[in-house]
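J.: Can you keep this structure in mind? I'll have questions shortly.
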């Protein structure tokens, strides 16, 4: 009995720990379950279905017909698809660096002691709160080449404004400008969070070592913002390959196909009632967008040396 | 105001359209294919021996949903009036109105049909109805419509709702394109006379002269006119083709009539609108600025519009602020032509209460309901009796009178070609190819691409 009593205290906590672990696991599972169900139903299942549909000839009405890889083979021969890929690349190449650089610059400014900085932060973040369609409609009004604010403003300066809507290059430029305007608030916010995590002691040490303000930013602050930069690169890249609403509202992909991105192409092919409504072909475009996004993210993960860097 | 297109639509269209539509063939969603080539055209009351057998089935009960795109205040008022009157006439019957934005309307209907929860009744334009009737998802109204009832419609519009000789909806209203213009701008350009009779409509040469005069009187950032071919309106380019004496399809509707000398003439002429700076550079297909927007913001003093836009222009608060404006007819060349606008109302084949659905469809096109709807929405009726009656349009009846006369130029060819099942795909093709043509793709390449695309679309 004594022996048993001596053993009890050791045995009981073990059982309690086990019970506690199981309890914790159950609790964790309980919390996770709703999210897992939602992810499965609204993310994974549609993803799998999109893969399945991409192998079918499927219209908006009637049953599908299995095509094998024909949709993908057609994609390779589709001149418009390659043009949309190129457009998306141009859009990405110009919009991300500009938005991130502007976001970083504004974040550095608004991270310092500045009267009314909360108000400025809110103003810069505001476009992100507005829906993309609304932003696009605003953009279409602003960049209307005959009656828009931009060209009327340029006219007051004696400058003849460009053909924002009739010329493909300028149309893409207008879309990029509006996108940068919309996205810069998000980039600023993430960089602001990153900047507030940079230790002042490190910067003071650099100052003591004789580093100038630019040197402190270039060699101390910016490297420490590595995780923020990595996060923004990935998020902006994903956004770029999914950009739809702003482009659709501003240009409908025109003129010609000059601003048609892979997402607007997928939408027009699949869901636009005035489009061909080829759901299978559109799904194949969607799968390609998914794979490209996945590849870019994996490459950035693999090659970004500062993704996990902290102070 | 008398609507005077009855003579044309009432007489010229029927027989040829019957033969034409009867010759349509299409694959069905179940894999079978129908080919009515050579089959006898249906009577106006429908092909079935049971035509009209349920034409007067008495009061009906039950619930149904009716989806339509929320166009204007007048349209909503018209549908609400019909619902109220129908429910009063049929105690126990309830109609739930669902006003949905136009963007995404048909996508939503298609998803609903696939999922089995589509509305019992929905609105559909004549250029899209063929897609649904060919897929076998619409209620065949043959048993519900008597010969007398079908004869009450303008023949062209009745033909527009038929597929394989059977009616799959009721023609609810129609509209077409006409020209509106600013009177002061015309006077400034020295244009002193505007056609006030359909027979006097400008020839292409006269229209070119008007555009040239306007061009020389306007600054560089203003343009003589805009055309209503933006986005889904691309098919309205076909009016130029028909005016040139051409057609899109062969008479049996099985192949394309392109390329042709007439089509080249039409394509060259419309491309010249841009070369001559007669239209804004942005008055192409893929743009967010429609022809009425150009007129409203006074970028152009003249524009081609559908008559359903008259209330928007005439609105005291947000309408046209450029001064007095009038209306005239589309230009003509070898022939006069305009587009088949307007909408039918259809019911689903799988509706739980087909008798109720059919009853409501028929109620919507009673004289009283149609008259009220058209007067409120500034649209044109499809009943012969109303087409010769004075309707009290709530705004600018003088403009509607022009549109009504213009509607007489919706020929049997326009109706036949605009309602083939593949027309929705053809319209998409036109959007893409005209966009390219208006940005320097040659007429030859454009017509060749349209021809091959149409052939592919017709093959399904």
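Cβ coordinates are placed from backbone N, Cα and C, and glycine is handled just like the others.
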J.: Have a look at A:123-143, A:186-206 and point to the one annotated transmembrane segment in TrEMBL.
T.: A:123-143
J.: Quick one: which of A:68-89, A:90-111 does TrEMBL have down as transmembrane segment?
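T.: It is A:90-111 that TrEMBL describes as transmembrane segment.
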J.: For the transmembrane segment (A:279-299) and the transmembrane segment (A:163-181), check the count of CB pairs under 8 Å (sequence separation 6 or more) and say whether it reaches 3 or more.
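T.: Contact criterion not met.
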J.: Using a cut-off of under 8 Å between C-beta atoms, tell me which stretch among A:25-53, A:90-111, A:163-181, A:220-241 contacts the transmembrane segment (A:123-143) the most.
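T.: Highest pair count goes to A:163-181.
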J.: Report the listed stretch (A:25-53, A:90-111, A:163-181) having the maximum count of Cβ pairs within less than 8 Å of the transmembrane segment (A:220-241).
T.: A:90-111
J.: Can you tell me which parts of the same chain pack against the transmembrane segment (A:25-53), counting only residues 6+ beyond its ends and a CB-CB cutoff under 8 A?
T.: 64, 279-280, 283, 286-287, 290
